[in-house]
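Below: one structure, written as structure tokens.
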Number of protein chains: 4
Amino acid sequence: MTKKISGLLAAPFTPMHPDGAINTSKIPAMVDLLVNNGITGIFICGSTGEGPSLTVSERKELAEAFVDAAGKRLKVFVHVGHNSLADARDLAAHAQQTGADFISATPPAYFKISSTDMLVQSLAMIASGAPELPLYYYHIPSLTGVGLDMVDFLEQAGQAIPTLAGIKYTAPFVYEFQSCMNYAGKKYDVLYGSDEMLLSALATGSKGFIGSTYNFIAPLYRELINSFNSGKLEAAQALQLTSVDIVRVINKYGGLRAQKTMMKLIGMDCGPVRLPLRPMDAQETMEMEKDLQQATFFDWASKLDAQPH
Amino acid sequence: MTKKISGLLAAPFTPMHPDGAINTSKIPAMVDLLVNNGITGIFICGSTGEGPSLTVSERKELAEAFVDAAGKRLKVFVHVGHNSLADARDLAAHAQQTGADFISATPPAYFKISSTDMLVQSLAMIASGAPELPLYYYHIPSLTGVGLDMVDFLEQAGQAIPTLAGIKYTAPFVYEFQSCMNYAGKKYDVLYGSDEMLLSALATGSKGFIGSTYNFIAPLYRELINSFNSGKLEAAQALQLTSVDIVRVINKYGGLRAQKTMMKLIGMDCGPVRLPLRPMDAQETMEMEKDLQQATFFDWASKLDAQPH
Amino acid sequence: MTKKISGLLAAPFTPMHPDGAINTSKIPAMVDLLVNNGITGIFICGSTGEGPSLTVSERKELAEAFVDAAGKRLKVFVHVGHNSLADARDLAAHAQQTGADFISATPPAYFKISSTDMLVQSLAMIASGAPELPLYYYHIPSLTGVGLDMVDFLEQAGQAIPTLAGIKYTAPFVYEFQSCMNYAGKKYDVLYGSDEMLLSALATGSKGFIGSTYNFIAPLYRELINSFNSGKLEAAQALQLTSVDIVRVINKYGGLRAQKTMMKLIGMDCGPVRLPLRPMDAQETMEMEKDLQQATFFDWASKLDAQPH
Amino acid sequence: MTKKISGLLAAPFTPMHPDGAINTSKIPAMVDLLVNNGITGIFICGSTGEGPSLTVSERKELAEAFVDAAGKRLKVFVHVGHNSLADARDLAAHAQQTGADFISATPPAYFKISSTDMLVQSLAMIASGAPELPLYYYHIPSLTGVGLDMVDFLEQAGQAIPTLAGIKYTAPFVYEFQSCMNYAGKKYDVLYGSDEMLLSALATGSKGFIGSTYNFIAPLYRELINSFNSGKLEAAQALQLTSVDIVRVINKYGGLRAQKTMMKLIGMDCGPVRLPLRPMDAQETMEMEKDLQQATFFDWASKLDAQPH
């Protein structure tokens with residue numbers, strides 16, 4: 001049975017210079033911020049990290065910098081999914097060589113995969129690049145368009161991929177998530193990826209969460225989990241509602257681009273997003289800041305000066 | 001503030017003769033089964049009741065028979081949504097006249113509604129037919145294709161529709177559901193409609209649930225809610241997982257058609273589904289029965305001889 | 001082999017009073033306009049006629065009025081599709097009784113039909129109501145969500161439905177349309193329904209066209225067909241381009257609601273659209289009129305004083 | 001005004017060894033086949049060339065080999081679209097350096113572009129890598145999910161991208177295609193990309209066509225165009241119908257994977273497809289061959305021994 005990962009794992013933004021070039025010099029401070037605010041792992045070069053917008057060599061450079069900055073204080077997942085499976089396998093091999101703890105991958109998405117069998121074969125090819133690293137399938141149908149049944153997937157992939165460890169499950173279908181968590185005597189580790197529904201996942205038995213808002217409001221979620229675990233349900237509900245309010249602001253301002261700007265608002269400037277995403281201008285940022293204030297964002301923001309947790 | 005409805009509400013199947021004609025003679029026994037298994041309300045002529053496949057006069061006949069059989073033991077919602085808003089308003093007026101407690105409506109779906117404004121105007125027209133009955137908007141984007149933001153909807157509809165009471169929310173987006181429950185100081189009643197995620201809704205503060213599986217495995221959900229409320233979280237999780245397993249069997253056999261057959265399996269034959277749904281044959285029924293047995297369906301089935309609750 | 005219908009068939013708007021009640025008094029003049037501008041048939045109570053927004057009794061009243069006004073000068077198709085197949089069959093029986101020439105039906109669309117088999121069974125039920133009238137399946141996947149392969153459909157439906165005459169094919173997939181026209185030695189009559197691609201259909205061998213813009217710019221399409229048939233390809237292209245320009249204006253102003261307003265602009269006021277469509281106000285109408293002028297709409301508009309064709 | 005490209009342009013398959021490695025040694029013979037069968041240009045590393053499944057260095061190697069093999073006998077388009085715009089720009093620069101004639105690009109598709117503005121900015125970035133090569137936007141919404149209005153696109157992109165030459169338009173919406181061809185006094189070159197609707201495009205005035213089936217049944221389309229141009233409309237229709245029949249066989253066997261196998265059947269083995277596509281086995285190939293025979297594929301296949309055209 002796969003060892004289960006628990007706690008909050010953040011999917012860090014990729015720090016960039018104003019011109020869009022990556023800026024690895026920011027990474028040590030970013031990682032310290034996460035560690036000091038109680039984050040237990042990171043998931044790099046995924047959707048939040050703008051992974052698909054990066055070149056293979058940029059992704060490798062980022063993997064090295066994050067693994068180095070983590071210094072074993074955090075578990076490091078490297079997302080290696082790519083439209084080109086040869087590139088994905090190459091990234092997997094590099095992740096293993098670099099000392100990452102896990103790999104994860106979305107499926108190729110230009111040619112849409114429509115059968116579980118081809119999904120498994122594609123992931124097996126990726127896994128072959130990193131035979132010593134556990135693999136988590138990254139299920140995010142809203143971005144990949146691949147929405148195959150995940151219980152069927154576990155059944156077929158479990159036989160074909162020796163390193164399969166579980167799923168990063170980013171979708172609101174908690175019933176399927178629950179089936180996956182309980183499949184084959186809880187054989188696999190299934191991490192939940194929709195921050196605005198953390199409480200739903202928690203109630204069904206989830207222990208580990210990967211998300212983007214854990215980058216900047218980790219204290220809210222730590223408190224939420226503590227409240228729930230100590231039987232303070234109403235407090236947990238109120239905290240989740242605050243998270244939902246903040247996510248509504250994020251969505252109003254365009255999702256990822258808004259989130260990256262929020263890092264600047266808490267004092268950890270990660271630079272702008274890269275094309276094809278649209279950067280935010282000063283006016284939008286100011287308006288968003290007001291909306292965030294109203295949603296009590298700053299009361300729950302991760303603290304630059306938090307003490308090691 | 002709207003008075004909140006609590007407990008389990010079932011969306012009954014429409015009983016039919018083998019030739020597809022409606023068979024109202026079955027309704028008293030169906031309602032007794034629900035009452036005796038702890039159901040607190042019914043939602044008739046909705047998706048589960050094959051409402052869109054019925055004529056207006058059949059829907060009126062059913063409304064009368066269900067209101068009559070309920071005899072105030074259950075709250076009665078009459079679903080009045082129709083592609084023709086004139087028909088929907090007519091059904092609303094009839095529901096009020098018949099003594100139903102609430103109306104609910106999906107939006108017209110042939111001409112897709114793509115603005116909150118037109119959704120509100122359409123519902124206002126329906127509501128005008130039953131000025132004394134509280135109206136619940138029936139949000140089920142997977143069937144109607146209308147997936148507008150529900151917080152925006154409450155904001156606009158609250159001003160335009162005096163009888164607006166809330167939403168029957170049938171979608172997995174628990175974060176939006178939670179926002180709706182908490183909108184404007186919990187002004188509206190928002191009932192959750194995805195049985196396989198009841199625990200998620202419960203954890204976020206939901207008190208009332210409308211669904212199809214409450215027709216035949218009410219004991220499971222009563223026990224689930226009791227376990228959760230008395231702090232037995234693991235028991236609640238195990239029960240939700242059993243519900244999910246049963247729903248997977250239902251989906252394997254085609255959804256609604258399978259569910260209607262399950263009524264026969266618990267001893268309350270409601271007849272076949274009507275076109276455009278495909279009836280189940282004996283062979284499929286036998287195979288499904290085996291799968292249901294394995295999912296422990298019969299351990300949790302509603303009992304014909306249950307004592308009034 | 002089915003007798004083929006040729007020429008331009010219009011799908012008339014349903015004339016309404018300012019309050020949305022139907023106004024059959026307008027129908028004789030509407031039909032005269034069509035006849036005098038060279039239209040060879042009408043398709044009533046379809047999408048353009050807001051059929052799904054009408055009650056069954058309104059649809060019957062309209063069928064009677066249109067058949068009466070046509071007085072054998074035009075072929076009359078009555079669209080009888082309905083979410084309730086019992087209503088659809090009832091409408092079919094009424095169409096036959098009224099003296100209509102053909103029936104046509106979309107499939108039920110609340111419960112989405114996902115197999116050819118169920119589509120055929122559903123249409124067979126409708127057809128049974130009008131055993132003497134040829135049936136055209138109304139294929140319009142953008143509105144019904146039912147996009148099954150139409151060659152497969154002809155193969156299965158041809159055996160199960162004795163009155164199947166063909167398809168009203170409203171989709172841009174001219175390759176599938178061409179396959180259907182040529183299926184089984186041109187056994188079926190397949191009418192094309194995308195006005196803005198009439199030339200594409202014409203080039204592949206189509207002879208009959210049903211559409212909404214034939215209500216108000218019939219002279220353009222008559223000239224287009226004449227040009228094409230007499231080898232004046234560039235003239236035909238220029239005319240199709242004008243049609244496309246006009247359709248772009250229509251889409252800019254919301255489709256059906258804009259088209260119904262265009263009837264008023266050519267002097268044949270059919271009243272407003274009914275909910276859930278949004279009526280046009282005076283300001284929008286004025287702006288649209290300018291855009292239509294620029295698209296040379298008024299040069300090609302059907303003439304109230306045209307002589308019988 | 002952009003110089004217009006005319007005739008049939010093929011999107012060649014990427015030749016691979018049985019293990020999926022690219023096999024550039026096949027390219028000279030592939031190009032000769034195309035030249036000798038009347039093809040006027042090639043479009044490499046696009047969808048048909050499995051471009052998104054290739055690494056950047058493989059794509060560069062292919063560009064060099066194809067440009068070299070073409071030896072100015074064919075116009076060469078290099079498709080440079082990539083989820084990473086930095087990679088896309090790099091590929092564009094390489095294409096220019098290599099001596100290609102044109103570049104073309106799909107938009108990034110992991111992060112879906114939902115505004116014309118961001119589409120234009122993204123393409124402008126790509127174009128900046130190859131300031132001397134004309135750029136064709138590759139519009140294929142069925143694969144990219146980006147279905148923005150193309151007239152709006154031309155309006156905005158024309159101002160922002162000096163090298164914009166036109167669009168490779170791969171969609172069935174001939175009305176939009178026609179608008180684009182005629183936009184701003186036919187300023188842009190718009191090439192049609194749906195082989196099974198070539199006749200529709202031809203009828204609306206199209207002169208240039210890019211597609212995958214031109215790889216193996218070029219004689220059919222040359223005859224089709226000749227027939228149409230010399231007024232033999234029925235012959236042209238019959239030929240298009242044969243093309244449609246062949247495309248139906250291709251779709252039955254899974255699209256691209258089937259097409260690549262068809263190259264082997266005409267004597268020009270290009271090897272298998274690469275993951276995530278599923279290779280064809282011998283049994284499927286045999287069955288497909290029978291279906292192709294019935295569709296008269298071999299009567300129209302490109303000839304290995306055709307004389308230079």
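Each residue, glycine too, has its Cβ placed from N, Cα and C.
Classification of A:T48 (pyruvate binding site) by DSSP places it in coil, neither helical nor stranded. For A:T48, A:I210, the entry in TrEMBL reads pyruvate binding site.
Long-range Cβ neighbours of A:Y138 (active site, proton donor/acceptor) (same chain, at least 6 residues apart, Cβ-Cβ under 8 Å): A:G46, A:H79, A:G81, A:S104, A:A105, A:T106, A:I167, A:K168, A:T170. According to TrEMBL, the feature active site, proton donor/acceptor maps to A:Y138.
Annotated active site, schiff-base intermediate with substrate per TrEMBL: A:K168, in sequence order. Summarising the environment of A:K168 (active site, schiff-base intermediate with substrate), the number of other Cβ atoms within 10 Å of its Cβ, over all protein chains shown, is 28.
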Under 8 Å by Cβ from A:T48 (pyruvate binding site), same chain, sequence gap 6 or more: A:A11, A:P12, A:F13, A:S212, A:N215, A:L256, A:Q259
Assigned element (helix, strand, coil) containing A:K168 (active site, schiff-base intermediate with substrate), judged by DSSP: strand
Other CB atoms within 10 A, centred on A:I210 (pyruvate binding site): 27
